[in-house]
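Reviewing the structure listed below.
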Amino acid sequence: MSPMARKPLIAGNWKMNLDHQQAIGTVQKLAFALHKDYYEKVDVAVIVPFTDLRSVQTLVEGDKLQITYGAQDVSQHESGAYTGEVSASMLAKLNCSWVVVGHSERREYHNETDELVAAKAKAALSKGISPIVCVGEPLEIREAGTHVDYVVEQTRASLAGLSADELANTVIAYEPVWAIGTGKVASAADAQEVCKAIRGLVTELAGEEVAEGMRILYGGSVKAETIAEIVSQPDVDGGLVGGASLDGEAFAKLAANAANAV
């Protein structure tokens with residue numbers, strides 16, 4: 001598969017924002033503002049709080065929207081006495097296409113390890129949901145100049161135990177921790193450097209065909225003004241967007257800018 005065949009994914013991670021009523025309005029605005037022709041060039045997803053999923057599902061399916069949706073976390077367990085956890089089978093019942101695993105905020109605030117992230121990714125894949133596996137270096141690693149090796153090894157550990165077929169249904173998001181919510185943005189060249197190295201790792205793990213088909217996103221203060229240069233990089237296949245996805249019309253503009261750049 002040539003790199004040109006990878007359709008960019010623009011995924012909006014709402015984090016802990018927007019209740020289920022606000023979610024309906026936001027997705028309606030996004031759908032209204034983004035002309036249907038753009039979906040031929042980019043896939044657009046919203047990654048929403050658990051409490052919003054059923055409302056978003058009802059809207060997307062009822063209005064036959066081309067937007068896809070997913071969750072921000074999943075349990076590694078199938079079911080049982082795990083208070084507060086949500087299983088992959090529950091998300092599958094809601095027709096989730098995606099689930100983010102290993103976001104830097106989960107790694108930092110909930111002490112999630114690479115091993116746990118890999119288990120969550122495998123749980124999602126077992127129910128037909130594509131995990132968006134997040135990796136990225138803190139500022140001190142970037143300043144030391146060891147960021148490429150750090151991220152490659154973090155990615156290797158976060159994909160441990162996944163087969164080539166499973167990796168073919170996995171998305172990776174490179175999100176330098178120092179650029180998340182800080183307004184600092186890695187340059188497009190920075191993003192390309194690391195995403196290319198991640199693709200090299202996937203070639204090693206699963207072969208060239210899987211690696212060439214895998215979508216690798218950049219996340220970290222992505223905005224409408226910066227997305228075009230980011231997705232123009234040969235190994236960057238979209239964006240994991242934070243704050244810029246909370247306004248439906250603004251997120252539509254960002255997605256349109258990405259579509260126009262490919």
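Keep in mind that glycine also has a Cβ here, set from the backbone N, Cα and C atoms.
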For this session: From the candidates G62, G70, G161, G181, give the one listed by Swiss-Prot for the same substrate site as N13, W14, K15, S221, G242, G243.
Result: G181
Problem set entry | Cα-Cα distance maximum in Å, computed over every pair in N13, W14, K15, G181, S221, G242, G243 that the record assigns to substrate | 13
Seminar exercise, completed: Comparing local Cβ density (other Cβ atoms within 10 Å) for the binding-site residues G181, G242 points to G242
Problem set entry | Any further residue of that chain within 8 Å (Cβ to the Cβ centroid of N13, W14, K15, G181, S221, G242, G243) of the recorded substrate site | I180, V241, A244, S245, L246
Problem set entry | Among N13, S221, which are binding-site residues, the residue with the most C-beta atoms within 10 angstroms of its C-beta | N13
